[in-house]
Structures are given as structure tokens and as C-alpha cells.
Amino acid sequence: MQTTSPMADGPRWWWPPAPHDLAALAFGAAVYWLPRLDYLGYCGAGQYVAVAQVLVMLLLGVVAGLLRLRRHFCAFGGAGFGLAWGVDLLLSLGFPGIFLCSHQLLPLEAAIIAAQVALPTWLGSAAGRALGRRLPALREPGRRWRIAYAPLAVAALLVMVSPHLLPLQLKVQEQRALATIATLAQAQFAYRDSHPAEGFACSLAALSADFAGSAASAGNKQGFVWRGGYRYRLHCRGAAVPRAAFTLEAVPYCRPTCGTIAYCVDQRGEIRALPVDSSPRGDSACGAAGRPLARPGAAKRRRRRASARTRP
């Protein structure tokens, strides 16, 4: 009588789950929850984490294709991720004071979660099956398991690294916002020098071509521009010309998962930084309570003074 190996298509029944199914379930749940532990209750965990989650699902699909466990293994991996999201949703509904994510776009969010699970696992499973057919060494079940350890190890590494990806993304976005504020401030003073009759500019589009297609250049009364997790705003004080005062702000618009520091600069040329929390206080308090960082072009001026002193 011919018997079928359990590795051919996985176990015939969903229950009880096999050990590899439970491992896939744990992988899916861990890659969802671990990055959120330090930012519990907030929406999202950043683009870097989303990429890691997609890669984990893709690698689980590769393992499933190699071992011919594609139906159950992928389903349990996706179930772990989906159940973790469902628990997050229930906690947000039951404890809105702690879990602040409102899930207002629930159908869209559910569709994104489904696509984030289904598409990479399907692609990975197809790649794993193709690899198993084309490599003669993978036709033996024992060798399939040994080869499958490599994508499993990479998936485990991504799961362990995922809690550190959001802080890394926050640091990158904060440094980018600081560099943007410094560049815009330098452009603002250059604009004042080249337009003495007008004074300082009142539009971000006048300071940078990158903001030329923004809402501010299209006549947005509030002058907000959203970019890289930050909301930029240029505010001119008074209607008299030449304009002698301005305030330029960069505030994270989804705190703390987009950024934790607000930056601002005014006509004095001193960039200030203020740590912000989930309250809107940082939008207006940066100029008064922010910590001074540096003046735009200060490093260049110091280098010029140092070189002037060393000249004979």
C-alpha cells in the first residue's frame, strides 16, 4: 500500500496543528507585536517594520514551498499575523484610553493586512516550489529541511531585529527634518537678501523647489506641507512689507511613531528642538521652550573664521 509523506502537502487536517504550523503561527504573531511593545497603543510601526513583516511572510512562503507545506504552513503564518492584528483591534475598542489607534479606516486597514499576508506568502511559496523542482539535491525530503533552515533563520533574525527598526526610522526622519529646516532657513535669509523690498518669504514654494507642488503653493491658507512624517509650516508675522519676522516649524504629525522632536526657527536664525508627546503642545511651544541647536551656516562661518586666523 502506498503511503504519502506528511511533507507532501502538509497534514490533511487543520487540527491538531503540526509543530511547524505552530512555529509559523508564532512567527506571524511575533513579527506583528514585537515592534509595537515600546509604542503600545499607537497606530502603525513604520515603513521599515512593514518591510520586515512582508519579508518574514515571504520567507515563510519560501519554506512552505520547499517543504511542500504551502497550504497549512502559509495559512498558520498568516493566521498568526491576522490574529495579532485582531487582538490589537479589540484592545483599541475596549481600552481607547490606552490604545489610542482609532482604526477609522477599518475596511482599508483590513484589506492592507490581508494583502500584506497573502501576496508575499503566495509569491514565496511559488518561488520555493520552483526551487525544489529545479534543484536535484532538493528532491530528497531530508535535504529540503536542511535547506529550509536558511530562510527560517533569516525570518527569525528579522523578527528579532524588528523592535529596533522603528527607533531607527524615527532617528532617520528626525535627522531629515532637521536638515530640511536648516536648508529652508538658509534659503529664507538668502531670499531676504535678494528681495530687500519684500523681506522674508511667506511661502515654502519660494524657498525650495521640492515644495513647489505642495498644498502651500496652491493657496492653502494654513500653509501646511506633510513630508517624511513631519508637517512643515511657514508663518509670517504681520502684513507689512518688508517682512521682518517669520516662524518655520517642523512637527511630527503622528506622534510618537513619526517622530518625537519638533524643530523650529525664526528670524533670529536659531534652530530650536522640543521633544513632543501625543499632545499638540509642540506645535506652538517650540519657539518658546525649545532647546537651541545651531544657527544655519554656523559651521561654515566657524571654518571661515578659523582659516582667516591661520593665514599669515
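Backbone N, Cα and C atoms are what each Cβ position is placed from, and that goes for glycine too.
Quick look at what TrEMBL lists:
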- 285-297: compositional bias 'Low complexity' (COMPBIAS)
- 298-312: compositional bias 'Basic residues' (COMPBIAS)
- 275-312: region 'Disordered' (REGION)
- 12-34: transmembrane segment (TRANSMEM)
- 46-67: transmembrane segment (TRANSMEM)
- 74-99: transmembrane segment (TRANSMEM)
- 105-126: transmembrane segment (TRANSMEM)
- 147-166: transmembrane segment (TRANSMEM)
Report, as numbers and ranges, every residue of the chain located at least six residues beyond the transmembrane segment (74-99) whose Cβ falls under 8 Å of a Cβ in that stretch; write 'none' if there are none.
14, 17, 21-22, 24-33, 36, 40-41, 53, 57, 60-61, 64, 106, 113-114, 116-118, 121-122, 125
For the transmembrane segment (147-166), what are the same-chain contacts with Cβ under 8 Å, counting residues 6+ beyond its ends?
27, 30-31, 34-35, 37-39, 45-46, 48-49, 52-53, 55-56, 59-60, 62-63, 66-67, 137-138, 257
Where else in the chain does the transmembrane segment (105-126) make close Cβ contacts, counting only residues six or more beyond its ends and a cut-off under 8 Å?
28, 50, 53-55, 57-65, 70, 74, 77-78, 81-82, 85, 89
